[in-house]
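*Asks:* My questions will all concern the structure given below.
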Amino acid sequence: MANFPASLLILNGKSADNQPLREAITLLRDEGIQIHVRVTWEKGDAQRYVDEARRLGVETVIAGGGDGTINEVSTALIQIRDGVAPALGLLPLGTANDFATSAGIPEALDKALKLAIAGNAMEIDMARVNDKTCFINMATGGFGTRITTETPEKLKAALGGVSYLIHGLMRMDTLTPDRCEIRGENFHWQGDTLVIGIGNGRQAGGGQQLCPTALVNDGLLQLRIFTGEELLPALFSTLTQSDDNPNIIDDASAWFDIHAPHEITFNLDGEPLSGQEFHIEVLPGALRCRLPPDCPLLR
């Protein structure tokens, strides 16, 4: 692998003391691969490190962390207007790793690193909300969003993605639907919803397949609505297929407009955004990402 160009790894500070990762990086460096490592401490660090990556002339910026870290790095990359932006590499180190998991990124650190450095760079889409905030994986709204934002950090650290499900079951007594109106290309729906998923990727909340047919290079976003009736069949798709469940509504569009009579919150790759009006649009081919050749998110 010594012939491959240099990379810069932007590592979430929570993973800075990961000894297996240190060993994997050392082994690659011993093979002649140049890997710069930078650790984030506060919001805005990812943007500064992407700027540094351009000055260093690296061809890949690797996001080492969970969906939030991937979001920060990818958002910084698509801001580059002059010249060719570095490709994005993925190193899943977070609690849920929903985007990396659905993309088929290896769990083994050494294999994930090699893919991030030497894999083929594919053009993929991103999405933007209200002309400002971006996401690479999914925007989720409703009860599911409240659960992911309220799940205690200690529970997430101990149990990983299943912690969201456990915390959700503990909060069933507080469950209330959100009323909203959603429009897209040739689509209009209005009613009460428990969960809204608008996906560039397929899963959120620690492995829940909210948008199971989403692709990252088709110029579309997939919508899934769980209406505010028959809670358990709607929330847990293991109990019924969506084709058999009238309380699950699917659509696909390059954009969606959402209006609510009261404030609702969307979770964008882990970052909450509250309001009553949301315009969500796809950004086709917004960045290049190193993905496995059999990546299920590619058409």
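Note: Cβ is positioned from N, Cα and C throughout, glycine not excepted.
A quick note: this is a predicted structure, and the numbers were derived from the prediction, not measured.
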*Asks:* Besides Gly66, Asp67, Gly68, Thr69, Ile70, Asn71, Glu72, Thr95, which of Thr40, Thr60 does Swiss-Prot list for that ATP site?
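*Replies:* Same ATP site in Swiss-Prot: Thr40.
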*Asks:* Just to confirm my parser: what is the rounded mean pLDDT across the domain 'DAGKc' (2-133)?
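*Replies:* Taking every residue in the domain 'DAGKc' (2-133) and averaging pLDDT yields 95.
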*Asks:* Near Thr69 (ATP binding site), how many other Cβ atoms are within 10 Å of its Cβ?
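*Replies:* Excluding its own Cβ, Thr69 (ATP binding site) sees 26 Cβ atoms within 10 Å.
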*Asks:* What is the interatomic distance between the Cα atoms of Leu220 (Mg(2+) binding site) and Thr40 (ATP binding site), given in whole Å?
*Replies:* 32
*Asks:* Please find which two of Thr40, Gly66, Asp67, Gly68, Thr69, Ile70, Asn71, Glu72, Thr95 have the most distant C-alpha atoms, given that the record lists them as binding ATP, and give only that distance in angstrom, rounded to a whole number.
*Replies:* 17
*Asks:* Name, in the order they occur in the sequence, the residues of the same chain whose CB lies under 8 A from the CB of Asn71 (ATP binding site) and which sit 6 or more residues away.
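*Replies:* Expected: Cys134, Phe135, Ile136, Asn137, Leu268, Asp269, Gly270, Glu271.
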